Every structure is written in structure tokens, then in C-alpha cells.
2 protein chains.
Amino acid sequence: MAKKPNKLKIIPLGGLGEVGKNITIFEYKDDIVIVDCGMSFPEDEMLGIDVVIPDITYLFKNKEKIRGIVLTHGHEDHIGGLPYVLKKLNVPIYGTKLTLGLVENKLKEHKLNNVKLNEVRAGDIIKLGCFKIEFIKTSHSIPDSVALAIDTPVGMVVHTGDFKIDYTPINGNLIDLHKFAEIGKKGVLALLADSTNVERPGYTMSEKTVGDTFNDIFLKAPQRIIVATFASNVHRIQQVIDAAEMFNRKVVLSGRSMINTTNVAKELGYLRVQESTIIDINDMDRYSSNQIVILTTGSQGEPMSALTRMAFSEHRKIELVPGDLVVISASPIPGNEKTVSGIINRLMEIGTKVIYESLADVHVSGHACQEELKLIHTLLNPKYFIPVHGEYRHLKRHEELAIELGMPKENIFLAKNGSVIEFTKNSANMGQSVQAGNILVDGLGVGDVGNIVLRDRKHLSEDGLIVVVVTISKQDGKVIAGPDIISRGFVYVRESEDLMEEARKVVRDVLTECEKRHITDWATLKSSMRNALRSFIYEKIKRNPMILPIIMEV
Amino acid sequence: MAKKPNKLKIIPLGGLGEVGKNITIFEYKDDIVIVDCGMSFPEDEMLGIDVVIPDITYLFKNKEKIRGIVLTHGHEDHIGGLPYVLKKLNVPIYGTKLTLGLVENKLKEHKLNNVKLNEVRAGDIIKLGCFKIEFIKTSHSIPDSVALAIDTPVGMVVHTGDFKIDYTPINGNLIDLHKFAEIGKKGVLALLADSTNVERPGYTMSEKTVGDTFNDIFLKAPQRIIVATFASNVHRIQQVIDAAEMFNRKVVLSGRSMINTTNVAKELGYLRVQESTIIDINDMDRYSSNQIVILTTGSQGEPMSALTRMAFSEHRKIELVPGDLVVISASPIPGNEKTVSGIINRLMEIGTKVIYESLADVHVSGHACQEELKLIHTLLNPKYFIPVHGEYRHLKRHEELAIELGMPKENIFLAKNGSVIEFTKNSANMGQSVQAGNILVDGLGVGDVGNIVLRDRKHLSEDGLIVVVVTISKQDGKVIAGPDIISRGFVYVRESEDLMEEARKVVRDVLTECEKRHITDWATLKSSMRNALRSFIYEKIKRNPMILPIIMEV
């Protein structure tokens with residue numbers, strides 16, 4: 001019998017069929033390399049959940065194989081899962097300087113001091129087990145982003161990470177298209193590429209265009225300027241600082257993550273800023289309003305963010321006044337449209353002028369549109385293709401784009417989280433899937449909130465709750481106190497006294513009936529109370545509160 | 001002392017600072033006319049709420065003055081509040097044929113049989129108290145829409161209703177621009193105009209352009225076509241029917257409101273359709289897949305809608321298969337983006353092709369963009385202006401547009417719901433506001449869910465609930481049963497037994513302590529239990545469940 005050939009397995013554990021939580025496994029014989037380890041924000045139905053991290057059961061089972069985690073850049077959807085995973089797996093991390101700076105900050109917050117962080121530069125090649133990994137400079141909405149060329153025993157695999165092509169990057173660091181061309185020429189077995197913007201035709205504009213708009217805005221603004229953007233968008237922050245210095249304004253930082261990231265970026269040399277440009281928020285009063293720019297978090301209308309507090313006049317140090325100019329330098333992430341719109345309304349009611357994306361070019365995306373993707377596909381000319389980073393609609397559209405470029409449909413793998421795509425030197429196929437999914441983090445609890453708890457939260461959120469308590473006698477099973485009825489999230493109690501009194505009577509009648517029929521087992525008593533109350537309430541006001549019968553015995 | 005002149009009061013009770021729930025009051029001496037009476041859908045934070053209607057306390061207080069409700073068109077945000085209001089105020093309704101047809105349907109559902117419905121046609125003038133009201137034909141995404149020219153004792157006031165300008169309407173009914181010009185020439189005291197699309201430059205495309213796209217799509221589709229759109233968009237439905245007839249397809253209706261509206265529109269002569277075109281859903285199997293179009297609700301991804309059920313393979317009669325083509329002929333209403341995207345993903349996973357707005361011109365708006373608004377402002381040339389129908393950002397932008405056209409800022413009123421704008425023949429000013437706001441409808445309850453209930457629902461939804469019960473003795477106040485602890489929406493109970501056992505111990509200790517210190521009043525006992533448990537839980541897992549202590553006495 002012929003020996004089965006060893007195969008390279010590529011296993012996306014997150015980031016497919018979703019936006020966020022990116023993590024991909026590369027496995028060959030006894031070696032595993034993990035690319036990125038992100039988190040995502042909870043979906044609407046994940047009530048009360050703080051963050052979502054990938055299910056890494058598969059990695060636990062194979063932990064002796066893991067050679068390291070390689071990071072493409074420092075966004076939360078690529079590094080946010082690290083603290084949770086590193087509490088259970090102690091493996092070395094590899095990434096560029098700014099990426100590791102942000103990781104270090106994060107690990108400190110989680111009191112993780114034992115993690116080995118290994119700095120690399122674009123152009124470096126590292127060896128992890130049987131894999132040789134080269135870091136390739138790319139453009140993205142955070143500096144120091146890289147793609148990975150992973151030289152495996154069966155061939156070269158390229159993972160783009162998140163990227164776009166910016167011919168005029170504001171830090172002068174061009175995406176290394178020559179390297180992509182060179183690798184493509186040598187031959188690429190498989191490509192994994194960012195699908196976020198694949199539905200958009202054309203090109204993503206250069207970050208530089210935002211700077212031009214800023215200059216126009218700064219030139220004309222008569223009072224304070226407030227710029228809200230992602231704290232991680234160091235290029236954007238640089239452009240605000242540049243405009244501030246050009247127009248003699250001081251920069252005030254607002255929002256914890258804005259202060260943290262700016263400090264890390266400045267320390268590590270990713271921000272060019274004069275000593276006196278950034279001032280303390282408490283020194284703001286020493287300048288006139290046309291000498292101030294406030295750089296703030298909250299571009300997504302996050303409830304506790306600095307911009308939201310300003311808009312609702314709840315910020316302790318900054319009070320917006322008519323004539324101030326707020327620039328929202330970001331697009332609402334899908335799902336945040338209404339919240340952002342609410343903030344814009346509030347800001348306008350205060351009398352501030354608000355500039356946002358649909359009014360001026362104050363934001364560009366960090367992801368490649370169709371023409372950019374075509375360039376990368378063409379330069380690399382891979383044999384196989386796995387679209388990554390996107391909802392199903394994006395992955396599907398990316399498949400179509402590859403087909404338009406001439407790739408056979410059977411060479412493209414529309415995978416799911418947990419899919420295993422197996423490669424030999426000249427073949428690829430979908431193998432048996434492994435466990436993958438969402439682990440929900442709520443407070444300190446990781447994974448202790450699941451479907452039952454969420455279903456209960458949803459039920460409680462829509463209809464509230466009624467608790468019915470009775471005390472019965474141990475001796476004869478007779479009711480000796482209650483039934484008492486307490487409700488929360490159901491009706492205004494004061495205006496519904498009659499309803500609650502009737503409800504109590506309904507339960508009393510059920511209990512009398514049970515007593516008559518000598519029913520004493522608690523399960524039957526409870527379900528009788530629950531059913532009677534449910535029917536009564538639904539008939540009366542067409543609502544379905546959760547009903548919680550409790551029996552005490554004395 | 002000079003006699004104070006009588007004033008016309010215009011009071012928007014809904015539709016300002018929000019999208020939906022439109023209702024405006026016109027009052028002069030002893031006469032009140034109400035324009036529209038809409039509902040809106042609940043905001044995200046209104047957990048469990050079905051619909052929102054305007055607070056009409058002011059109308060109750062002045063009910064003997066009310067001469068009638070005049071409707072501009074049949075959309076829910078203009079007629080949806082009627083059933084609730086008409087249960088309390090029995091006043092005559094005036095509207096065009098299709099509008100009344102839809103109202104009648106709605107009143108039947110609410111078992112309201114006593115309402116006087118008075119049909120009018122565009123061009124008619126009716127007299128209600130001191131007001132003479134002329135109905136002016138407009139274009140909108142539902143047929144039979146009208147603007148109102150309200151001749152008041154102090155001058156002419158025009159309310160545009162919702163409108164756009166469509167030079168090639170599919171039913172041939174052009175907006176009556178001549179009438180707007182004529183009225184403008186005579187002189188207009190005040191204009192109230194639709195602000196929904198005021199942020200968009202240029203013109204809204206004609207509904208006809210969608211028909212052209214439909215023809216292209218129908219020409220090429222190899223299998224079934226499923227078109228999802230708003231049930232009220234009779235023009236759109238007409239165009240689907242036209243395309244179906246041109247390409248020899250039968251039309252199947254799916255979704256309760258789609259069936260209802262189509263029936264009403266057909267009966268009243270608003271749909272041109274051959275006898276054999278629309279078939280019963282049960283006869284669908286008698287045709288091949290390229291002979292079928294399914295017209296369905298669910299273009300907003302509503303959870304229980306027909307399209308959602310199809311996408312999740314839960315529709316009892318329709319099973320989508322690869323090769324079917326789904327056309328989502330609508331834009332997501334702000335807030336629905338993610339839900340609609342989720343449906344698109346599901347449909348694509350099934351293997352259906354999905355066409356939506358960003359891929360093809362399968363939808364146009366029903367509201368006027370900037371250039372159309374400029375035309376109406378210019379034709380009417382009003383002295384005063386109240387922007388209506390929109391969030392604050394829209395009203396503000398509409399103010400700017402009027403200023404660009406030469407209107408003095410002081411002649412524009414950026415009003416709120418409840419504002420009173422008072423007019424004489426040659427003056428206008430903001431008066432004392434009246435009560436206005438949201439009344440929440442949950443099941444059969446109207447207004448019995450308010451802030452406290454919503455706050456509790458939110459708390460329950462995020463952190464769940466812990467109930468603590470103890471039974472104490474009447475004689476000596478000693479604990480004789482419990483404490484028992486029950487939780488819902490908090491943690492997986494099975495995996496958190498230790499935590500719950502510890503929690504019970506915490507409460508037991510508190511009760512022992514209270515007993516020692518002879519504390520017997522229930523309020524203190526309850527708050528002691530609550531506080532101890534809250535601190536314990538927060539310290540353990542950083543969560544804040546609602547804690548409900550219950551004391552039984554025997």
C-alpha cells in the first residue's frame with residue numbers, strides 16, 4: 001500500500017462568514033503556525049456580551065505542535081483574542097514593532113507578563129518548524145502592516161492580511177509590490193486574500209486625500225476643531241497633527257485608547273510631532289478656541305466614548321459650544337449607522353457644525369477594492385485561492401472576481417470557520433472540519449454564557465419577568481403563605497394593580513385545584529402555576545413575560 | 001387695551017427630530033385640523049415594544065375643536081397611529097381613495113367600525129371649520145399621494161406631505177406643478193416640507209428606471225425570480241407585474257401585507273393586471289421555474305417576514321434552490337443594514353443569486369432630493385418655512401437649503417415635536433410648547449410600558465437576574481427556609497454550581513448577621529441581601545445581574 005503523502009492543512013478558525021475575529025492555522029505534520037488571533041464585537045442578539053473570541057479547542061488538542069503566533073498588524077480583529085488565548089497557551093508571538101507595542105499594552109492590562117514577543121521587520125524571514133515565513137510590507141489603516149509569504153513543504157502560500165494599495169502613503173512606506181511580483185514569478189500554491197471591500201469597484205483612495213481635506217477644513221474653521229477617528233489609525237492622527245502644526249493649533253487628546261495608542265506610536269517613532277504640539281487637556285484654557293484641535297475617540301458613536309459624552313454634555317473637561325466644528329473622520333461600521341446619526345443630531349442641536357463622510361472626503365477605507373485585488377491576484381498568480389476576511393457575500397464575490405481573472409472555480413475554496421483545506425504539491429481538497437465557533441466573554445466569564453442564557457436574556461428583554469412564590473407545608477403540602485407575585489420589566493406596577501391582583505387570584509385558584517386533586521409534586525405544581533398565569537396574561541394584554549414559579553417548604 | 005389678534009397655531013406632534021410618527025395640528029380659534037396620524041417603529045433601546053405612537057394629550061384637551069383628520073397618503077408613518085387615536089377620538093377622516101382603502105383595512109383589524117371616512121380627489125377643496133383645504137397631486141412611492149394647500153384666516157399654508165418629483169410616473173399621474181406655481185403666485189404664508197432626502201444632492205430617479213432594470217433582469221433569469229419590496233409600493237408592484245406579463249411569468253404573492261395591499265390596490269383600480277397573471281401559491285407547482293415570479297415582503301430583513309423565512313428554509317410553501325434569483329428592491333432603512341446583510345448572506349449560501357441596490361438600479365427613493373426641494377421652494381416662494389419629516393440633521397440641512405435660496409434665517413422655524421408656531425397675517429413666532437412625545441405600544445398595552453420598565457428590561461437583557469427567597473417566622477423573625485437562589489440569563493447554572501453555592505452562603509451570612517443585630521424590618525433585610533450579593537458577584541465575575549430579594553412570612 002502506498003504511503004499517504006503528508007499534507008499542508010490550512011484551517012481558518014475565525015474571520016470567515018463574519019467581519020472580525022481573524023485567525024488562521026497552518027499545519028504540516030508536527031508543526032502549527034497561527035496567523036493572527038482576533039476578537040469581534042458581539043452581534044445584536046448576543047445580549048450583554050462584551051467581546052467574542054474564537055473557539056480554539058483544536059489548538060488545545062494540538063498544543064505541542066504550535067510553533068508560534070504570527071501577526072499581520074495591530075487591529076483588534078487581529079490581536080484582540082491574544083490575552084484570552086495566551087492565558088491558556090503560552091506560545092511565542094511574532095510581529096512588527098508597532099503591532100507588538102499595541103500587543104504589549106494589551107497584555108499589561110490583562111496582567112500577562114510571561115509572553116515572549118519577537119520583533120520582526122518587513123523583509124525578514126523567520127523559521128517556525130517546517131515553515132519559513134517572510135514579512136512583506138503592505139498599506140493599511142494602521143502602520144507596520146504586513147502580508148505573509150509562508151514557504152511550506154508543499155509550496156508557497158501567501159496571506160495578504162488586511163491591505164490596500166496606497167501609491168502615496170503618508171509615511172512614505174510603500175507596499176512592496178516588487179516582492180509580490182517576485183514571489184508570483186517563482187510560483188504560488190495558494191493565496192488567502194482580504195475580501196472586505198471586494199464589492200466595491202475601482203480603487204480605494206489614498207490616505208493622503210484625507211490630509212488635503214483636513215487642510216481645507218483647518219484653513220477655514222473659526223473656532224475649535226474636534227476630529228473623531230479610530231485610535232489605531234496612526235496615519236490619520238499624523239495628518240491631524242500635520243494640519244494642526246501647519247495652522248498653529250495645539251492638539252488635545254481625548255479618550256483612553258486615543259491617548260494610549262498615540263503614546264505607543266510616538267514612543268516607537270511612528271508619529272512625527274513637535275514637542276509642544278500635544279498639550280494636556282487641562283491646559284486647553286490657556287489657548288483661544290482657534291488654536292485648538294481635539295483628537296477624540298467615539299467615531300462609531302460608542303455609548304461611553306469621549307465624543308458621545310461631549311455630544312450629551314457629559315464630558316468633564318470639554319464643553320462644546322456653537323461654532324465648534326466636529327469632523328467625524330470614519331465611516332459607520334455596519335450596525336452603527338443609527339448610533340452615529342444620533343450623535344450627529346445631538347452635535348447639531350448644540351450648534352456645532354458637523355462634517356462627516358457624505359459631506360466631504362474626511363475618510364478613506366483601509367481595504368482593497370476590486371482593481372487592487374485584481375492587481376495582487378495577477379502579480380501572485382496563485383494556483384489555489386481561499387477568500388478570507390468577510391461575510392459570505394464578500395467571500396462569494398471574491399470567488400467571482402478570481403473566476404473573472406481566469407481561475408478555475410474548482411481551485412477556489414469557499415471555506416467556513418473550522419474548514420480544513422488540505423494541500424499537496426499539486427492538489428487541494430476540502431477535508432474533515434474541526435471545531436470552531438464563538439466564545440462569548442461577559443465580564444470575567446469566558447464561555448459561561450451560551451445559547452440558553454442568551455435566549456433567557458432575549459426573553460427577559462422583550463417581555464420582562466413575573467416571579468410567583470408560595471410557601472407550602474412540609475407536613476400536608478398545603479399552602480401556608482403566598483402566592484406572592486413580583487414583576488420586573490413587565491408593566492408599570494402602580495398602573496396595573498388590578499391586573500396583578502387578578503393574576504394572584506388565578507394562581508390561588510390553580511393551587512386550590514391542585515390541593516383538591518391531591519397534586520403535591522413540585523414539578524406539576526410549578527407548571528400548573530406557570531401555564532395558568534401565562535394564558536391569563538396573554539389573553540389580557542398579549543404579552544409573554546418569563547414566568548418563574550418558586551416553591552418554599554417549611 | 002388693544003385686542004390681541006387671533007393667531008394660527010401650527011403644532012407638529014410627531015415627525016420632527018425623528019423619521020416616522022408624522023402628525024401636525026393646525027389650530028385657529030375654535031377649529032383644529034389634524035394632518036396625518038402616523039406610527040413609528042421602536043428604537044433599539046425600546047426593548048420589546050411593538051410600535052410607537054404620538055402622545056396626543058393636547059388633542060384630548062381640545063377635542064371639541066377637532067374638525068377632522070386629513071391624510072396625505074397611506075404609509076404607516078402617516079396612518080399607522082389612527083387605530084389607537086380613533087379609539088379615543090371619534091373624528092372624521094379625509095383622504096384619497098387608495099389611502100382610505102388602506103385605512104379601512106387597518107381599522108377592520110382593530111375592529112373599529114364607526115369611523116367616518118370621506119373620500120377626496122386631487123383638486124378637491126374641502127372646508128373644515130375655518131380652514132379650506134385643497135388636495136394637490138404629488139409623486140411618491142405609493143399612489144394617490146397629495147400635498148395640502150390649507151387656506152387659513154391668516155394666509156395660505158402648504159404642507160407637501162412626503163413627495164418627490166417624477167416626470168415619468170408609471171401611472172401617468174404627474175405631480176401638479178402648475179397648481180404649486182399658481183398657489184405660489186397668489187402668495188404663501190408658510191411652507192412645511194419633507195426633509196427626508198435633503199442631504200442628497202441632485203434629483204431622485206424616476207420610478208420608471210426600476211422598470212427598465214426589471215426588464216433586463218427578467219430577460220436573463222433562467223429560473224424563478226423572487227422580488228422583495230415594500231408592500232405599499234404599488235408602483236413597484238405594477239412594474240413587477242408588467243415585467244411578468246411581458247416575459248410570460250405568473251406572479252405569486254407572499255407575505256400577509258403584500259397580499260392585503262395588492263388586493264386593495266387591485267380592487268380600487270390602482271393595479272393594471274390581467275386576470276390570469278396572479279396565481280395562488282398552491283398552484284405554483286403547475287408551472288416551470290422560469291414561469292414564476294414571487295413578489296414578497298421582507299425587503300428589510302424583518303425577522304418573521306416571508307423572505308426571511310425563505311432564507312432560513314422555514315417557509316412552508318416556498319423552498320429556494322440554487323439558480324433562483326432574489327431581487328431586493330429596496331434600501332435598508334437606517335438600522336436595518338445588518339439584518340438585510342444577514343439575509344443576503346443566507347440567500348447566497350443557499351446558492352441563489354442575489355441582486356440588491358448596490359449592484360443594480362433595483363430601487364429608487366420616494367423622497368425629493370435637493371434640486372427637487374429647490375423647485376418646490378421656488379414655485380411656492382413662502383414667507384415662512386418649517387422643515388418637517390426628518391431627524392435634526394435633516395431639518396437643519398433643509399434650513400440651510402432655504403437660506404441658500406434667499407430666505408432670511410429668522411423666517412425659518414427649526415421646531416421640535418410639541419413646538420407651537422404662531423402666525424398672524426404678517427408675523428410668526430415660536431410660542432409656548434405643548435405636551436408631545438412617544439407612547440409605547442406593547443401587545444395590547446398602550447402606554448403602560450415606560451422608562452422604568454424599559455430600564456429593567458435593559459438591565460435584564462445585559463446581565464440577567466438572580467432571585468433570592470427566604471421564608472421567615474412571623475413570631476421571632478428567624479429564617480425558617482432558604483435562602484434559595486434562582487437565576488435566569490446570568491450564567492450556565494450547571495457549570496456555575498460552585499458560584500451559586502458560594503452566593504447562597506454569602507446571603508446566609510448576611511441573614512445571620514442581621515439576626516444577631518436584631519434587624520427585622522424587611523427593607524433593611526432586602527437591601528442587605530442585595531448589596532452583599534451584588535458585591536460578591538461583581539468581584540467574582542465582573543457582572544451586575546438584577547437582584548430580586550423576596551421575603552415570605554409564615
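Backbone N, Cα and C atoms are what each Cβ position is placed from, and that goes for glycine too.
TrEMBL does not curate its annotations; it predicts them automatically.
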Exercise. Hey, TrEMBL has Ca(2+) bound by B:GLY48, B:ASP50. Any idea which of B:ASP324, B:ASP361, B:ASP442 it lists too?
Worked result: B:ASP442
Seminar exercise, completed: Given that TrEMBL records B:HIS73, B:HIS75, B:ASP77, B:HIS140, B:HIS389 as binding Zn(2+) 1, the matching residue among B:ASP55, B:ASP124, B:ASP162, B:ASP166 is B:ASP162
Problem set entry | binding-site residues among B:GLY48, B:ASP50, B:ASP77, B:HIS140, B:SER365, B:HIS367 whose Cβ lies under 8 Å from any chain A Cβ | B:GLY48
For this session: Compute all pairwise C-alpha distances among B:ALA231, B:SER232, B:ASN233, B:HIS363, B:VAL364, B:SER365, B:GLY366, B:HIS367, the residues listed as binding substrate, and give the largest one in whole angstrom.
Result: 17
Exercise. If you measure B:SER365 (substrate binding site) to B:ASP442 (Ca(2+) binding site) at Cα, how many Å is it?
Worked result: 30
Seminar exercise, completed: For the binding-site residues listed (B:HIS363, B:HIS367, B:HIS389), most other Cβ atoms within 10 Å of the Cβ sits at B:HIS389
For this session: Please compare the binding-site residues B:ASN233, B:SER365 by how many other CB atoms fall within 10 Å of each one's CB, and tell me which has the fewest.
Result: B:SER365
Exercise. What is the interatomic distance between the Cα atoms of B:HIS78 (Zn(2+) 2 binding site) and B:GLY48 (Ca(2+) binding site), given in whole Å?
Worked result: 23
Exercise. For the recorded positions B:ASP77, B:ASP162, B:ASP194, which Cβ has the most other Cβ atoms within 10 Å, all shown protein chains included?
Worked result: B:ASP194
Exercise. Compared by Cα position, which of the binding-site residues B:ASP77, B:ASP162, B:ALA231, B:SER232, B:HIS389 is the closest one to B:ASP442 (Ca(2+) binding site)?
Worked result: B:ASP77
Exercise. Which ones, of the binding-site residues B:GLY48, B:SER232, B:HIS363, B:VAL364, have a Cα no more than 10 Å from the Cα of B:HIS389 (Zn(2+) 1 binding site)?
Worked result: none
Seminar exercise, completed: Listed in sequence order, the residues of the same chain lying six or more positions from B:GLY366 (substrate binding site) whose CB sits under 8 Å from its CB are B:HIS140, B:SER141, B:ILE142, B:ASP162, B:LYS164, B:THR204, B:ASN233
Exercise. Does DSSP put B:ASP194 (active site, proton donor) in a helix, in a strand, or in coil?
Worked result: strand
